[in-house]
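Written below as structure tokens is the structure these notes are about.
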Amino acid sequence: MTTVIQRRSTSNVWEQFCEWVTSTDNRLYIGWFGVLMIPTLLTATTCFIIAFIGAPPVDIDGIREPVSGSLLYGNNIITGAVVPSSAAIGLHFYPIWEAASLDEWLYNGGPYQLIVLHFLIGVFCYMGREWELSYRLGMRPWIAVAYSAPVAAATAVFLIYPIGQGSFSDGMPLGISGTFNFMLVFQAEHNILMHPFHQLGVAGVFGGALFSAMHGSLVTSSLIRETSEEESQNLGYKFGQEEETYNIVAAHGYFGRLIFQYASFNNSRSLHFFLAAWPVIGIWFTALGISIMAFNLNGFNFNQSIVDSNGRVVGTWADVLNRANLGMEVMHERNAHNFPLDLAAVEVAPAVRG
């Protein structure tokens, strides 16, 4: 008779779950942040799809004039959007159970809050998951730091700006044309083009695109040939190979002669840090600028700052921007008020003299 003695498993279900969640052997890493990220992003995505297709019109301005945003109510992919919550709701937390009925919740734009708040929690957790996986693999945390730039930008337009303006109705609509409308209104009310933080963001995005194109083209132009003329040079690279796949000395020499010597990096590590840091810092500044303008600390205003010897205004580009801002503000919420605040603040003579 043979007796087989097996060691009793000491791990319970919770320990097995913890091991599975934190295991780096999974095809997709879950992580503790992923435990919260997955349901929140699924909720936001599901609600967005349903609302984009079939949500009824929303009384965004709080004046009983609903605005349609879904496909089934006359929009297409370009004009469709999830319309922000009503100005009548303001900054109040507005879950489904706070409304008297589902129809009221939809009429006041409840789906917008549901989507935005779940989405922000989800992207915060995605950033934490990036750090968590880097930690498990013994990597440095800069991937999560870089991702913090778009997270900060999304937080600025979806949360900080509505808080500063006093209502979720001022948040960015969830759609293509809604995004452009948000940009135009933001320019009209805050003169963002004349804000130095936005200008730093433009330099970061366009500069990052330029540097990325320059780096990619230099590397591609200085590959070390490992193949014949009839084969693609891409076949000369083997995943995980120890030797360099391109000649950094040749790329450095080319670029140094094209511009000047010190414009070219001779250190691959500092080069790639620069490529990551430039756009990230620029987008950080943009998010910070939007957060500042949310509380009406706006861009520079040089309106009528130059006059000639006779006191006549010498028109500048700033004056062109100011006129454009007034025009855009007149078009914005045209049924809520007849004139922008700049014009409505002018003292008007009484219509009836007593």
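For all residues, glycine too, the Cβ spot is worked out from N, Cα and C.
Look at Swiss-Prot and you will find HIS118 tagged as chlorophyll a ChlzD1 binding site, backed by sequence analysis. Marked as pheophytin a binding site by Swiss-Prot on the basis of sequence analysis: TYR126. Annotation comment: Swiss-Prot describes ASP170, GLU189, HIS332, GLU333, ASP342, ALA344 as [CaMn4O5] cluster binding site. Residues or ranges marked as chlorophyll a PD1 binding site in Swiss-Prot (evidence: sequence analysis): HIS198. Annotation source Swiss-Prot lists Fe cation binding site at HIS215, HIS272. Feature annotation from Swiss-Prot assigns quinone binding site to HIS215, SER264, PHE265. Sequence annotations record features per position, and here Swiss-Prot assigns site 'Tyrosine radical intermediate' to TYR161 based on sequence analysis. Residues or ranges marked as transmembrane segment in Swiss-Prot (evidence: sequence analysis): 29-46, 118-133, 142-156, 197-218, 274-288.
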Candidates HIS198, HIS215, HIS332 (binding-site residues); nearest Cα to TYR161 (site 'Tyrosine radical intermediate') turns out to be HIS198
Quick tally over 29-46, 142-156, 274-288 of CB pairs under 8 Å to the transmembrane segment (197-218) gives the top stretch as 274-288
The largest Cα to Cα distance in Å among the residues HIS215, SER264, PHE265, listed in the record as binding quinone, is 10
Top of the binding-site residues HIS118, HIS198, HIS272, HIS332 by count of other CB atoms within 10 A is HIS198
Ordered by sequence, the long-range same-chain Cβ contacts of SER264 (quinone binding site) under 8 Å (at least 6 apart) are ALA251, HIS252, GLY253, PHE255, GLY256
Those same-chain residues, other than HIS215, SER264, PHE265, found with Cβ within 8 Å of the centroid of the quinone-site Cβ atoms are MET214, LEU218, ALA251, HIS252, PHE255, ALA263, LEU271
CA pair HIS215 (Fe cation binding site) / GLU189 ([CaMn4O5] cluster binding site), Å rounded to integer, equals 39
Close in space but at least six residues away in sequence, with Cβ under 8 Å from that of ASP170 ([CaMn4O5] cluster binding site), the same-chain residues are PRO84, TYR161, PRO162
Comparing the Cα of HIS118 (chlorophyll a ChlzD1 binding site) with the Cα atoms of the binding-site residues PHE265, HIS272, HIS332, the shortest distance belongs to HIS332
